[in-house]
Each structure stands twice: as C-alpha cells, then as structure tokens.
C-alpha cells in the first residue's frame, strides 16, 4: 500500500513566515468575529449544515469552555476543517446547468425570483473563498490567544491533508497565529514562525489518518445516498411544486431543489458582502424548509461517515490512535489508516511536543469524532422525521463540521489532582467524554480517557474493510 508525504520547505511559506501583520479583515462586522465566528443571519446561516461558516457554540455549552480555575493547560491539539470554499468542480457544473435551464425555460421572473433572470453563475471551484481564508486567519488568532501560556513559548507541529484548500487553510491559520505572537510583548522573542511540517497525500492508495480512503468496503457504501434520497423525498416535493408554479415553464427534480438551497450558502460566502447581505437564493425558502435542509445534511454525515454507517467510526480510528500517542508520548500503535513511515519518524510525528494543529476535510473529521466516542450518546438519527439538537445529543453537521470547524483536545494539570485531565471542545462546546468516568466539567483523567478508547486501540472494525 503506497504512502506519500511532502515536507514543505520554508520558502513555500514565505508569505506566512515574514512576520507581516494580519491583513485587515474584509469586514469589522460585529456579526463576524474572531471569538464568536459567523453570527450573521443566524436563523438561516446556522442551518446550512456543513456549508455553514464556523459559529461558536460557547453559548450552547452546558459547561463553560473557559479553562477551569486552578488548572493550567499542558497540551493542546486542534483538528480543523478547511475554511469556506467555492463549490466543487462537479457540483458547480450542476449548479450552473440548472440555473441555465431555468433561464432558458421560464417565461416570467417576478418578485423574489427576479434575480434569476440575469444571474450569472461565475463562482470558482474547490478553492477557499476570501471569506474562507479569513476564517482560518481568525482561527489561528483564537488558538494563539486561547492557549497563550503555551503558544508564547512553543511552535506548534502542523500537518495538513494534501488538498490545496486544506494546505491553504493551514497557511492562513499560521498567518493569524504568528501575527498575534509578534504583537504579544510576553511572547518568547526570536522564535521562527510555525510551518506546515507534513502534508499527507490524498492519493487513493495512501494511508492518511486525516482523510482515510483505503477501506474498500466503506468507500463502496451507498447507505448515505439511500438515506439522502429517502429523506429528500419527505420535504422537497412540496418545494418543487411551489417553484414550478412560480417559475412557469421549468420542471425540477427533488435533487435540484436541494441544489438551489446549496446556492444560498455558496453564493453568500463567495461575495464581499458576506456579513451584510444574504444571497437572494436564500429567500426562495422558508425557515421550516431550512430546518429540513439542515437535518438532511446531518443525515448524510451520520449515515455516511458517522455511527449510522457500520464502518464510519472505524475510518477515524487511525487518528484516535495518533492522539493517544501524542497524549502519552508513546509510539503509535495502529494498523488501520496510519502511515507507518511518517508515524515512526520523530521528524514527521514528534512525540515530545505539547502543541499540535492538523487540517483536513469534514468527512474525515466526522469519523474521528465518532471514533473518539464523543457522540456515543446520540441514538440512530430518524431517517423520516426531523430531530432537534437535544434529541440528537448535540450532533448535527452544522454543529460539528461547518467550514473552519475546530476540535480542541486539551490536557490540563489542576490543583489537588495528581493525574492530568483531558477534555474535548467541538466549536467551543465542551462535549462530555464517554467511556471513562467524567467529573462535573466533562473531563476524564488521561489514563482513563485512553482506556476508554478501546474501540480505537483495538483497530475498530478495520478487518471488515476488505471483506
């Protein structure tokens, strides 16, 4: 099985190692900030599933996300999704063709549909939008400030999955991190900027814990597609009928209804007015329809890469075992998606650091969240009826893997506690751990946390990948 990685030379990151200050944000809007993320038009934008921009869940956390009094963080790990992007090339072609079809067949564009008559699909493909770049700058700033007792004196070890938008996200994170450090009078002087230390290939034959792709049975699964089609059929037909009535001359499919809903997010995050103006696509749908759309995205993630798929959590086992190695300063023990060449080399997988940052995609992160058992309290999601966030025990695609999402794993030493404690935050929401005895703040001792990851330590169900 092939393995591949690229060690990035410093000159490739010259733009983020030169000590330049962070460029002024596209906006200084109070609804889009470093601490709270994207709170603009939240009644709609927070219902875009994985196409939602990062928004902080600190106010949704039953446990304060602040570092508890009497404790000091001794280890911090962030796992981040890339920032807001343009549609993928394949989806973009479908969106463009649909809009062209509407324009060619509809005779009258009235009211809220008027914009469609002259709308020109000109979005990019695959890469980060300027807004998405700023999301990661902000993420780097926030990470530095949150863990400043460590970041002032330590250079984080950084890995990225091999997609260009993921690498660019890591670079923008570094930009925010380093510019904040340079302005901190208490930071250790003379330290070099962080860099992306390892890029892991996304080739289909490569072992990659950030973006697994070598479990054949899992890759061939069509479960999520079936669930998606069935749930779409519960809410899209009524929307389709309304659109066809209002846009006389066009015939749509249920899937094309969801494409038009996708355009609400993509058209919004691709503009310079992202903080002041929603795309006109958004107004074509009601609040209840957005609730259904958001739940559809959650179903796709849960049954595609989460516990709803028999091999979903197993895809995250390799990363979970790497996390165990980092927390315990011991070699990686894993025979699933880990890259033995990289993980056995201190240059590409050091065990003596206390600050780590990894960058990846939404699907891989979903599997990792479930491999860590963070949503063991989530019962199988209904495939016919919308369930609210309480019923799903805090799981939704928008709450877990929006653009620029971030998982923080913290280890802390606290007064009157001999053993270090571990806790996890997902987008600033403390997620009480499962599989180990937790305290009132959702934490476990490090050793009990590791013992609780027995699913990962035993390799999950990887043996079934080639069944």
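For all residues, glycine too, the Cβ spot is worked out from N, Cα and C.
For the 1D-myo-inositol hexakisphosphate site, Swiss-Prot lists 50, 51, 81, 82, 85, 88, 165, 361, 362; matching the candidates 277, 301 against that entry yields 301. Residue 105 (N-linked glycosylation site): 12 other CB atoms within 10 A of its CB, across all protein chains.
Counting other C-beta atoms within 10 Å of each candidate's C-beta, the recorded positions 82, 85, 361 are led by 82. Taking 50, 81, 82, 165, 361 as the recorded positions under consideration, the smallest Cα distance to residue 264 (disulfide bond) is found for 50. Secondary structure at residue 120 (N-linked glycosylation site), as computed by DSSP, is coil. Taking a C-beta cut-off of under 8 angstroms and a sequence separation of 6 or more, residue 120 (N-linked glycosylation site) has no same-chain neighbours.
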